[in-house]
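Have a look at the structure below, then the notes.
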Number of protein chains: 2
Amino acid sequence: MPQFLDHADPDFETRFTALLTAKREDSPDVDATVADIIADVRARGDAAVIALTQKFDRITLTPDTLRISADEVAQAIEEVSAEDRAALELAADRIRAYHARQMPEDAQWTDAAGATLGWRWTPVSAAGLYVPGGLASYPSSVLMNAIPAKVAGVGRLAITVPTPDGVINPLVLLAAQLAGVDEIYRIGGAQAVAALAYGTDTIAPVDKITGPGNAFVAAAKRRVFGKVGIDMIAGPSEILVIADGDNDPDWIALDLLSQAEHDESAQSLLITTDADFGRAVADAVNTRLETLERRAIAGASWRDFGAILTVPDLDTAVALSDRIAPEHLELCVADPVALSDKITHAGAIFLGQWTPEAIGDYIGGPNHVLPTARSARFSSGLSVMDFVKRTTLAQMTPDALRAIGPGAARLAASESLEAHGLSVTARLRKLNG
Amino acid sequence: MPQFLDHADPDFETRFTALLTAKREDSPDVDATVADIIADVRARGDAAVIALTQKFDRITLTPDTLRISADEVAQAIEEVSAEDRAALELAADRIRAYHARQMPEDAQWTDAAGATLGWRWTPVSAAGLYVPGGLASYPSSVLMNAIPAKVAGVGRLAITVPTPDGVINPLVLLAAQLAGVDEIYRIGGAQAVAALAYGTDTIAPVDKITGPGNAFVAAAKRRVFGKVGIDMIAGPSEILVIADGDNDPDWIALDLLSQAEHDESAQSLLITTDADFGRAVADAVNTRLETLERRAIAGASWRDFGAILTVPDLDTAVALSDRIAPEHLELCVADPVALSDKITHAGAIFLGQWTPEAIGDYIGGPNHVLPTARSARFSSGLSVMDFVKRTTLAQMTPDALRAIGPGAARLAASESLEAHGLSVTARLRKLNG
């Protein structure tokens, strides 16, 4: 059974704080192993990657077969049904249309002092996308990571996807093709991250690595950070539904379960102004858990981390929501837009009862890679911005330097940085004769 | 003597690669010490911060004196000369004007399927800025970190600045006041970072921590990352000047020295199309090094890491520059704008001989916190974007769900995520039946 919390209860604050700070995931400490793997790949390149792939994925590769060839891709994609292809194409088109609007604009202006200032955005030259193998090999994740990179203008986009025992998901290959991925390597784990970061004879290094993965992949990304850029290290998924009593309990139950079925560490929370509705949702969850395919996982998540919170009004719900800073926030209330305007911290908001969170996982358009573990307080979901970088620009004229140069020289003197000041005053001396 | 490299030499590629990959900084491994300090602050709060400040800064504080009072600030600021104040005010105004243009815009639209999509930016609620004490206590850094936060709309901005033996820099306090900083604490080191991240009875926790610091501060920022957001971990400063022969060698020498004087690990590089000019710059550097106040530091940096590279043409200079991905890039050539258009990777570009890099350190307007160690390939300087985060928005209508819901259900099925699919199909059933 999940927890029931009533805002009116005297122990509410204590229990809510406990809910907020509950440690849901015990990451195994694999850092030493990962350090060894990275060192091995740096030292031996392809040979290390091939040996580690033999060991972990039980397949024998050569430098020539590290990469999945265009023929193999074409052949695998033939297996995809027309319906699956149409759905992936629709998703790719919608994700591309959404992210195309995120391209930031260059700027340039000349100010009153005569200084021309501005900035310019350029794409990362090469990016690598880690795609998990096995159960968590989600074609939707390929679209969500690869499309923003290509919209940003990344010239070279490589994917690594492990193929344990040689098994590969044709939908992952189709998603990569639809997204415009340039290279696909059948490798995984820390060795794949190391190969992308440092390069081998066969795999050219990239500048940025994104994508989800297990503890080894996460530890490897942390270790190569600095050598390359990385995206966030995602924690287990979360959903918060704020609902009034005027909802179908089964719909809300399914929304909660669609996070719970991801992972035993996932967290599904309901805040409602209607205690009876809250109980009805709990009942609906239990009914669905009787038959759900992933009931073992979803049941454990719901039992250990699920909660239903009753509040006196929606303003209280907003205040609690901002403390939770949820990855996904569903607003199933009469006026969801008005309520969303009051929310400050959330990765993604789904407005109204016709917008189940699963729409956002696949096909809505916004990215499904979102900040977890309360990090929506300070970070954002994956976007085109993760694949571009800004160069600032400044150009002084003699007049501009005359106008603001003395101030710079003064500040340099106050910081005892003489050469800084001299680099300005030497020029001013020329200007002033 | 710095290195001279000629692009025509047979060993150029080998020596250039060595220059690119030279390890310039040996960070002491202080991670275990820092972990202990953070644990102590989490366990004992104010008491730990006070004890550590006694130990490292030799001052005795109480919870009431951790914060520098408004009276103390006002009193210290009275010491600032009118000239210094005017220079700081000019810098603050110019930095504010530049960063005000960086505020990203919200977006919302309804697409052909009837889905309303968009995103909204909100500021981080509370941010902390670490300001080093002692020699590296730069008021310009306070402006560069604090102003973007306040432009972003950060509600609460706290500064920590250690005051060893009670000594504080009045210009730092004035810079904080000009930037609109809300709270100033006289603490430093890993204990300050821990207090900002986890909070104490006196210091409320923040959501994001930025600012430069020593190895202890850097290790502490890495450790609290995840609990709060952090900015980049900056390495030693770098400048690359691309210059033709039509420049004053002394000006270019001073530009190179203005990075070299920061730190023995700083790196100053000149790429020129004119070998004679390169030698003239080397001579000018040597002349300046005879009298420069910080000649010991600047001389060591120039000797160990400086280099003058001769190239046959500016296109070759551009290609080398993009491999270096410099933090600061000065283009002292006849048409700097045309040349800058060819550059892909650089933190900040300074165009033309009237734009010494030091202008950008203080007063130009763009931020001086910039990506080092080749990370301009994948990251950007500090900006308003570091203090805001994006919430994506999606709202389906019944018609929109009818249009794209089946695709989502199909993809959920292909990923074996049944509850995801059911959350969509349960709603579609209602609509269709």
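Placed from the backbone N, Cα and C atoms, the Cβ positions cover glycine too.
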Of A:D201, A:D207, A:D361, A:D386, residue recorded by TrEMBL at the substrate site of A:S237, A:Q259, A:H262, A:H328, A:E415, A:H420: A:D361
Secondary structure at A:H328 (substrate binding site), reduced by DSSP to three states: strand
Other C-beta atoms that fall within 10 angstroms of the C-beta of A:E327 (active site, proton acceptor): 29
Winner by Cβ contact number (other Cβ atoms within 10 Å) across the binding-site residues A:Q191, A:N214, A:S237, A:Q259: A:Q259
Alpha-carbon spacing, A:H420 (substrate binding site) to A:Y130 (NAD(+) binding site), which is rounded to whole Å: 44
Subset of recorded positions A:Q191, A:E327, A:H328, A:E415 within reach of chain B (CB-CB under 8 A): A:E415
8 Å Cβ shell about A:Y130, A:Q191, A:N214 centroid, NAD(+) site members excluded: A:P132, A:T160, A:P162, A:G188, A:G189, A:A190, A:A192, A:V193, A:G213, A:F216, A:V217, A:A220
Cα-nearest neighbour of A:D361 (substrate binding site) within the listed recorded positions, A:Y130, A:Q191, A:N214, A:E327: A:E327
DSSP-derived structure type at A:Y130 (NAD(+) binding site), helix or strand or else coil: strand
